[in-house]
Amino acid sequence: MIKVGVVGGTGYTGVELLRLLSRHPQVELTAITSRGEAGMPVAEMFPSLRRRVDLKFVTPQDAQLEKCDAVFFATPNGIAMKQAAELVAAGVRVIDLAADFRIRDVAEWQKWYGMEHAAPALVAEAVYGLPEVNREQIRNARVLANPGCYPTAVQLGFLPLVEAGVIDADHLIADAKSGVSGAGRKAEVHTLLPEAADSFKAYGVAGHRHLPEIRQGLSLAAGRTVGLTFVPHLTPMIRGIHATLYGRIKPGIELPDLQALFEKRYAGEAFVDVMPAGSHPETRSVRASNLCRIAVHRPQGGDTVVVLSVIDNLVKGAAGQAVQNLNIMFGFDEEAGLDIVPVSP
Ligand SMILES: NC(=O)c1ccc[n+]([C@@H]2O[C@H](COP(=O)([O-])OP(=O)(O)OC[C@H]3O[C@@H](n4cnc5c(N)ncnc54)[C@H](OP(=O)(O)O)[C@@H]3O)[C@@H](O)[C@H]2O)c1
């Protein structure tokens, strides 16, 4: 058993971590923080966790995080970077669900996130936690940068094509839609029911913070800088991301069987399901699970490949992937705590 702390236990990714960790056979939850709700039983705020989590929220200062084996930060950007060095020095392994350690170029990170980085040295050693790409490096990570939700869906969808070099890497297009829980639990006007329900809109067309993260991952996969147009949308669902990805087939190449390419790339991956040719994956087919379901199409045999990639933003897009990374880091079965059948309807 390892001792695990969660900083930010009152948020959406925090409560999702608690749901998954409370049934993990090798994890003992020892500290769950909230600055505003310290002293309140966790199960009072989240009755879904009654008889599963007996702890009370504590302040981050009282949490004795240095006594944990691993600490998850389910906090806004800019929090983990201030505490990670001290924890790492105490032998604690840090998993950040925010973006503090995701972008290797610190100047680029500072530009997109609008703050000075507090721990650039740790950025250099942090491992980007997309297991389907970095499994070996994740095993020894002391600081783990858990990928963003859109970046997970988009990268998993594009990777087989980009790695094989069969599409024009200068003109990738990712059209992605997210449920409202992607914005977190804090009160904001745009996530109120009358604002978000029964409506549909794009946002961040000029540049979303996940753009440099996706570009970094796909550029590494391509072995060169890729060109990407990324347009996120807010859709009136609670959970789920649906990414529709477009790539132009390079002229004059011998195109492999695309279905076989995807099946081979993800053979043996527990959490990536390449669906049968012609499929249209639905977000509800992955709801509450750590799965990414993918389908690859070539409409009318033309020069454009269309990939459909769906995840639950709170699970494979956040807490589930973070637990998957914990499992790899501590040598547990990668599926421990994550063997969940999606909820339908
Ligand atoms: N929602 C998603 O789908 C999703 C997906 C991937 C990644 N992420 C990332 O995961 C992180 C958490 O997202 P979320 O949606 O769970 O956010 P959230 O619902 O707004 O929750 C944020 C949590 O952080 C805590 N917190 C805020 N400021 C803090 C501080 N200064 N020190 C300590 N704790 C603090 C809050 O607790 P108290 O105020 O009670 O202390 C709360 O529990 C974000 O960085 C987000 O970008 C989210």
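Cβ atoms here come from the backbone N, Cα and C positions, even for glycine.
All annotation found in TrEMBL is predicted automatically rather than curated by experts.
Keep in mind that what you see is a predicted model, and the values were worked out from it rather than measured.
TrEMBL annotations:
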ACT_SITE  CYS149  active site
DOMAIN    3-141  domain 'Semialdehyde dehydrogenase NAD-binding'
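Under 8 Å, Cβ to Cβ, and six or more positions away along its own chain, CYS149 (active site) finds SER178, GLY182, HIS210, ILE241, ILE311, ASN313, LEU314, GLY317, ALA318. Model confidence over the domain 'Semialdehyde dehydrogenase NAD-binding' (3-141) is summarised by a mean pLDDT of 98.
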